[in-house]
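Step one of this worksheet: look at the structure below.
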Amino acid sequence: MATNLRGVMAALLTPFDQQQALDKASLRRLVQFNIQQGIDGLYVGGSTGEAFVQSLSEREQVLEIVAEEAKGKIKLIAHVGCVSTAESQQLAASAKRYGFDAVSAVTPFYYPFSFEEHCDHYRAIIDSADGLPMVVYNIPALSGVKLTLDQINTLVTLPGVGALKQTSGDLYQMEQIRREHPDLVLYNGYDEIFASGLLAGADGGIGSTYNIMGWRYQGIVKALKEGDIQTAQKLQTECNKVIDLLIKTGVFRGLKTVLHYMDVVSVPLCRKPFGPVDEKYLPELKALAQQLMQERG
């Protein structure tokens, strides 16, 4: 059902203007930039997209704009997860209407929901998605929901679930999931272990830094398919040098600043309460943008 969703999917950033409103022009440029750099698809409205500091209406606007701009050129996954099941269902219905290829939802968080309540939440969203496959989003570090392997196995076998975004450093668990579910579309979620995730059984990945250097991750996929471990390791190391800097600057604002220097994003600001990048990092981020533009050619 979801086999065509395999690949390298950028977790799309959401640009804002100086007044903190959606910057629709920059969003369109960012979609085109990702298409041009050879990304297989976009994961829209997730953690990287700052979904949880946006209104429901804004999240729907983002989905609509991305769908218009992508025009069937790449695969589109709409993250529709909210704490509220009803709001998640509304976004899922919108994703279906706009022509997305799949929906995704993080486990509902903040309140200590039971596992059966998690399952019911996903069933309701799947129903509203009207045939679109569900990508279960497991990110325990941010959601606070620590699913056991048995619980993951249950979620990914719910009717309508076609994939799992596994944002965890537990590569043993990644391998266990792959072993148990050989046909499941399985995404690596942490960019810094992309190559290791593929070796542990992931089909591809969904990541934030793909927005600025997606071709490197495609290079890792190609190298591993050819059995060239040395090249894959080298590319992962180069990616991780960038990630080291972004962790210091704040990942989302750092990425937006790099894209600003690449003339893709007009204003390199995140939605408050996120603050701006510390000015001391601007020279490094500008140099990184120049390096990546030269590398991409």
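Even glycines carry a Cβ here, placed using N, Cα and C.
Pulled from Swiss-Prot, these are the features on record:
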ACT_SITE  Y137  active site, proton donor
ACT_SITE  K165  active site, schiff-base intermediate with substrate
BINDING   S47, T48, T167, G189, D191, E192, S208  aceneuramate binding site
BINDING   S47, T48  pyruvate binding site
BINDING   T167, G189, D191, E192, S208  aldehydo-N-acetyl-D-mannosamine binding site
SITE      S47  site 'Required to correctly position the proton donor'
SITE      Y110  site 'Required to correctly position the proton donor'
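What Swiss-Prot annotates, mapped onto the structure for a quick look.
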residue	record	Cβ contacts under 8 Å, 6 or more apart
S47	aceneuramate binding site	A11, V106, I139, L142, S208
T48	aceneuramate binding site	A11, L12, L13, S208, N211, V251, F252, L255
Y110	site 'Required to correctly position the proton donor'	V83, G144
Y137	active site, proton donor	G46, H79, G81, S104, A105, V106, T107, K165, T167
G189	aceneuramate binding site	N138, I139, K165, Q166, T167, S168, G197, G205, I206, G207
D191	aceneuramate binding site	G205, G207, S208, T209, Y210, Y217, C239, I243
E192	aceneuramate binding site	Q236, C239, N240, I243
Can you list the residues of the same chain, besides T167, G189, D191, E192, S208, whose Cβ falls within 8 Å of the aldehydo-N-acetyl-D-mannosamine site's Cβ centroid?
A11, N188, Y190, I193, F194, G205, I206, G207, T209
In which DSSP state, out of helix, strand and coil, do we find Y137 (active site, proton donor)?
strand
Mapped DSSP class for E192 (aceneuramate binding site), helix or strand or coil:
helix
Near the aceneuramate site, what residues other than S47, T48, T167, G189, D191, E192, S208 in the same chain have a C-beta no further than 8 Å from the centroid of the listed C-beta atoms?
A11, Y190, I206, G207, T209
By a simple count, how many Cβ atoms lie within 10 Å of the Cβ of T167 (aceneuramate binding site), its own Cβ left out?
24
